[in-house]
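In TrEMBL this protein carries:
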type	residues	note
ACT_SITE	B:270	active site, proton donor/acceptor
BINDING	B:269, B:273, B:299	Zn(2+) binding site
């Protein structure tokens, strides 16, 4: 790079690092709110988060940002940048243009509301009181509607929200992908329901002291290579992972006394997110590329560790003894194979995060359709419980007895994350496609898992995906790693094979 | 206030609230670093703290701050302000003028260094390695020397640092106050050493599981009225209290397995600091007055709860049973009176935070004299361990066997807090003087403590001191509450009376 251009880049890097600093502070303030901050400080805390988010927003939309992204987008200058630098410029420019249309005051007001709204959601869920949460959620939706207008609508209004989480995704494409997936999963689900070989899962119930659940979660996280010198495990209402910087990637879980699998699989899930962020190249620290490529790619890693590894037979061949020894009165007389089948039973249930790998996608399609209704058809927030319950009856044949078990179950909407849910199913599809390649390149995959030798898998994923952070787009990653674009058949193949075995669907 | 002036004040209030927000974020980032943040994130974290401190500093020294403080200092405008508003203007102006002479870049550099230096101090203390810490501390001192030049020297160079923690305090005044105090305490210490009635404290040794220590600390904090909905208790290497906002005032402690009193009294101590900040008037939230009046007044509250209440006979008349029931194998056969005498034994020891109420002041005088040597006489950081050990030998007759037990024991210097230590002895003196008035106005004081009815005491302190926050200066507070200026005789009287009883100094 020419000296003068390099000097400009150095100044740009200072601006980027300052923005990273704000994100770290905001991330910690959020993490703290959700892991034990005193209630009486929450109101002032929300204002503080709002203020800092406003400052970050000001930098994102500052004249300097405009000048730098303009400068580095010019062909002559752009040609002198590395690929990573070009991606930074492109992403910052997109964000700059999107944000220009919203005033910092408006954005700060929104951030304060969103922080408040999360706290209100926590109480509303605890007390099964949708009415107390409704005014907050309505305001969040109103803000989002206003933002969509400001950002400009391409395709449908909802497309504008989807694009924030998964670049280039549209309602048209998603309708097609989900349609294809559904067309293969529905017959599979029917065959499963009709199978006489239903797993018994009664032994998964009972009392599981949370200290032992925690100890087992910590053990499994160490096994998968989660670095506790660059992270920590805490409790929160809704499990999450947050990367404050690549040397500080935290995860949380929620211990449910009568459900040992809930926390266990949330540890593997959030641990998968965290492995991704802990292994981003240190070269990217202080830049906007030091994060996951997209929500969908991020979710592919949590799902790969939670389901494709964590719910595999090989995994429990290695770790079932460890589980038994921690809960001997529960599992001493249960065969590993029965346990494996139980944690993979397919069931039409109420709670997304506890759903099996197959029906999980139906939970997502319900939310995807409701979000489309809100933003494309004007569905009102007050009508959400009714629509939610009707869709659950239609798609899954179950009706939530309370809103806490229904429309209030997820944190996402309270923080304004509309358009996010689709990423979960995309994550499943990306994960199955990555796994297909991983198995080809590491043919001993099953025996590695069965012997608890998980580090070569972590290393393969680091080389293929993690270290790049956000340097590539989701479609660049999936094509570079697997040689083809996203293809939902890999997930359908994987599920068919897995459940054919578990439910003996080949029996005649 | 005139409408136009009110409009200006409202704009000023927005600036002040933003500064409060930065302080809350910085406070949390610090708290987190010291209560369990992953090590590998510490380097980036230090930069983030530096960046935010730099932003706070920019506001403190901004043209707007200059304009507002200038405007509201003009007699016509000033006359329309409330007393609290006038204090805000005065404090902000003093800070503005002091800070004008330091560039934001310099200040940010210093803040990054200070955050780093605290982390280095932690390792150095753990590994008894002063050499690894020395370069950091030397740089901190060099910065402080430079800052003193920038701020301008009034009196001696060290006066400039003292003024930051206790307005109007000078080396001349402190030399006089400490001289007077010493002239009464030294003969008392000699009488105590010569007494044949030395308390036996052997039963304070042994093993005290930290979970039971924690449980007892939580119990006592609840008893004194610490509000757990506006705070939390965590562990850190060095105990501290931090008020993020009046609804979020956190404290930490450090459980020492073979010392039950260390954590116990640090809970009462930090709890005293926290009671102060939790009970600051909500009207002051978002302003710089929502904090303690000075380090000395703050310390008077931690010392009052830790020593004057927590080490009183009346307190243990009420709570000794509770301690016995938690550690029955240790205290079942120990009389309350013996326990009371043991926790009040006077001993020439190495560690300031574990020192008794009498010799504590000698620990402070050592640090005060060393700081004077550094800033007024050019003592080098590399020579600190030698000077430290020599002074301990001279004043307390003990020589630290390691630097961890000597010059590395305190966190303060690592974070640049030179001039702070004197506040601890000032705190003792203020506390004794407040207690004298408190006892007059609540004559049933001893029986309230002996019955565990501590809330009237907390309420008296709230009315007299806490609710004002920083609205008054230390000398205004002590004179309003006690009717006279700071007078070290109250502390000397209190200690003479207490130890005459415990050591039977009246026996002939």
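Keep in mind that glycine also has a Cβ here, set from the backbone N, Cα and C atoms.
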>> Suppose the Zn(2+) site is B:269, B:273, B:299. Which further residues of the same chain have a Cβ inside 8 angstroms of that site's Cβ centroid?
In response: B:241, B:270, B:272, B:298, B:301, B:302, B:303, B:305, B:306, B:427
>> I'd like the Cβ neighbour count for residue B:269 (Zn(2+) binding site), meaning other Cβ atoms within 10 Å of its Cβ, all protein chains included.
In response: 25
>> If I take the alpha carbons of residue B:299 (Zn(2+) binding site) and residue B:270 (active site, proton donor/acceptor), what is the distance between them in whole Å?
In response: 9
> Which one, from the recorded positions B:270, B:273, B:299, has the smallest tally of other C-beta atoms lying within 10 Å of its C-beta?
Replying inline: B:273
